[in-house]
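What TrEMBL lists as Fe(2+) binding site is 99, 101, 105, 144. Sequence annotations record features per position, and here TrEMBL assigns Ni(2+) binding site to 99, 101, 105, 144.
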């Protein structure tokens, strides 16, 4: 499943190493010179991604195949923008706090765009830009954070195996089994194994 639905993925998912600037989190934060990262590097970190048809997601057979193969039984849709999300600024600040989950974080961008920031094996920040049609799966135990870009809007599908548990564990939480498993499978082994759906 990981190698399917890849055509045009680089048009909706892009990644680069971030600078250390404290400027607005919604800016791209490229290093100078820019350091783009091939999407294969994200795979090495255990991140799965696909390009799907966001214009017809209700009838998309490819989305159905991914959900069935990975056991994503729960689905909802959320709009993140000042007009539709209560306590918008506070929630965006919470999303941007570095954290992990004990389950995968699965997001499918139906409209708009946003940034998922993740750490590489050397603890350097990588910014992953996701646009309409991009679907991303962050493995359980991976430290990450999320923010909108300067357009201030994303409509995203959230998927989950079973009943959703959205509990964030802010860094440091290295003692959690999900973190230990991620470090063992991905960080200590150089990112050579796909991470099972949890």
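Using N, Cα and C of the backbone, Cβ positions are placed for all residues, glycine too.
TrEMBL: automatically predicted annotations, no manual curation.
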Number of other Cβ atoms within 10 Å of the Cβ of residue 101 (Fe(2+) binding site) across all protein chains: 21
Residues near residue 105 (Fe(2+) binding site) in space but at least six apart in sequence (CB under 8 A): 137, 138, 144
Binding-site residues: 99, 144 - member with fewest neighbouring CB atoms within 10 Å: 99
